[in-house]
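S.K.: Following this message is one structure expressed as structure tokens.
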Amino acid sequence: MDAMNGSDVQSDGLPNGNTLQLAYHVMPRLVQDMGPSLLLIFGPLVLVSSCIYYLFFHPLSKIPGPKLAAISPVWMMKSLYGKKLNRDIKALHDRYGDVVRVGPNTVSFATVGALSSVHHEKAGGDDGTFTKEGTIEWLLGLMTWPAQNILTKTDVKGHARLRKAVQPAFSAKELRKQEPIEQEWITKFNRLLDAAAVDNTEVNITEHMSHLVWDMLSDLSFGEPLARSQLVKFNRLKWLACAMSPMLEVMQSILTFPIAGAFTRWIVTSFPQVFQLPRDILPTGTLRTTLERADRGHDFLSAIVGAQEKGIVLSQDELQSNSAMLVMVGQDATVTCLSSTLYFLLRDPQHMANLQDEVRGQFKSEDEINGLAIARLPLLNGSINEAMRLLSPANGTGTHRLSNGGFVEGIYLPAGITVAVDQYTIQRSPKYWRDPETYRPERWASVGEPESEFENDVHSAYRPFLLGPRACLGRELALQIVRLVLARLVFSYDLRMVNRDFVWERDCDSSYLWLGHKVVVKVQKRES
């Protein structure tokens with residue numbers, strides 16, 4: 001009788017999630033008492049009853065979306081298996097509107113209001129907070145890291161502690177100190193392009209930029225570059241995680257049920273660090289050597305260890321986890337941004353010509369190019385912003401949150417509901433942008449100008465680095481690297497895209513990350 005009290009019924013008379021959970025507690029006992037013949041009878045009945053519940057009585061039953069998505073994770077698994085997640089989710093929003101049900105317990109929003117509600121956590125409180133715990137990213141964190149880091153830490157106070165410890169590595173003062181290291185690596189990168197120009201060979205510039213960013217970020221992190229073989233391991237594991245994404249989607253669905261969810265958690269925690277990723281990328285011996293080296297300069301680790309003077313002490317595992325995470329996350333986001341920006345610039349040579357005019361008109365020599373000067377170039381920054389608007393590096397299931405019970409856009413989401421705010425859709429929505437599907441870098445140069453054709457663009461809809469307490473800490477570092485690489489590239493070289501038949505949205509895989517993007521160019525040294 002207790003199961004039928006008011007706590008299990010919503011205000012609209014429909015049962016809430018507790019009723020379903022009670023059924024899952026009782027079901028195993030019933031199954032034990034059944035013989036095979038009874039299972040044949042009751043099995044289909046249970047299946048039909050479950051479908052009826054999800055379609056008509058579940059808390060998300062009134063939210064539009066594909067019927068297959070409402071009753072099972074198969075729709076999401078199919079999209080992930082097809083590696084077109086961003087495009088598929090946007091198609092659903094185009095068809096059904098700003099709020100779409102994309103799984104039995106998952107709802108996707110495509111509004112600025114939802115972006116703010118979900119990612120602005122209430123200080124110190126659980127009520128109304130949307131957490132990472134129980135999401136796929138949290139699940140991968142349990143399987144991957146020796147200790148939680150600022151990407152995976154779920155509780156508010158624990159995350160604030162780690163963020164405070166890591167923050168000093170990304171201060172404006174540290175960025176200025178780190179620039180000579182960045183410039184040195186870009187000079188080495190340009191020597192490769194010089195050789196390609198002399199030999200008149202085609203260059204997979206995405207691959208070379210990946211090597212550049214890996215060397216640069218690992219040097220900035222630990223005072224010396226990590227081996228390229230570690231980058232190969234990292235890329236292999238990225239592909240593995242994305243290949244496993246359909247199965248991980250099933251596991252996340254199972255986590256919402258008490259018995260099955262508890263069993264899944266037990267399996268995951270019983271085999272910790274399945275991928276051993278941080279120790280593969282940053283061996284413990286390398287970390288120890290870095291910490292003991294007397295000549296440590298302006299690397300991330302020095303800044304993080306320096307935070308101990310403020311009373312924030314990280315364990316060896318926490319140092320390893322956070323240091324490796326900074327390299328790995330920064331690597332993927334920075335390379336994606338560089339590759340996508342060059343892709344758009346070279347698809348329309350006029351865009352590249354306009355940017356070359358700006359950069360070459362501002363500087364007389366490559367030596368004059370520095371972080372402070374290029375931060376003020378409107379078209380350079382507009383070219384980068386526009387690429388990230390159309391192809392946000394952070395979009396995907398990694399930005400999902402789990403509701404603890406709260407409202408988003410006037411819709412109450414009970415505890416246990418997975419909430420997605422789809423940046424890919426928002427940043428391409430005609431509701432917020434003029435000419436939303438077209439690469440228009442000039443829209444950013446005209447911000448604040450009256451009577452501009454882009455004056456009604458809603459810039460709060462542009463959040464490639466997220467917002468709130470979990471906004472990307474390395475945002476300014478990533479932008480500084482991208483600006484420096486592009487500015488020196490367009491100043492010194494003329495590039496022509498060779499693989500012009502490559503279409504990013506059609507040919508790239510999108511699930512947890514963008515995979516498979518490749519820009520191949522012919523390089524010509526700029527005439528004096």
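In case you wondered, yes, glycine gets a Cβ from its N, Cα and C as well.
Sharing the features that Swiss-Prot gives for it:
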- Cys472: heme binding site (BINDING)
- Asn5: N-linked glycosylation site (CARBOHYD)
- Asn204: N-linked glycosylation site (CARBOHYD)
- Asn381: N-linked glycosylation site (CARBOHYD)
- Asn395: N-linked glycosylation site (CARBOHYD)
- 37-57: transmembrane segment (TRANSMEM)
S.K.: Using a 10 Å radius around each Cβ and all protein chains in view, which of these glycosylation sites has the most neighbours: Asn204, Asn381, Asn395?
M.R.: Asn395
S.K.: Cys472 (heme binding site): which of the glycosylation sites Asn204, Asn381, Asn395 is the nearest Cα neighbour?
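M.R.: That would be Asn395, nearest by Cα distance.
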S.K.: Using Cα coordinates, what distance in whole Å links Asn204 (N-linked glycosylation site) and Asn395 (N-linked glycosylation site)?
M.R.: 25
S.K.: If you run the three-state DSSP split on Cys472 (heme binding site), which class comes out?
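M.R.: It is coil.
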S.K.: What is the separation, in Å, between the Cα atoms of Asn395 (N-linked glycosylation site) and Asn381 (N-linked glycosylation site)?
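M.R.: On Cα coordinates alone, these residues lie 20 Å apart.
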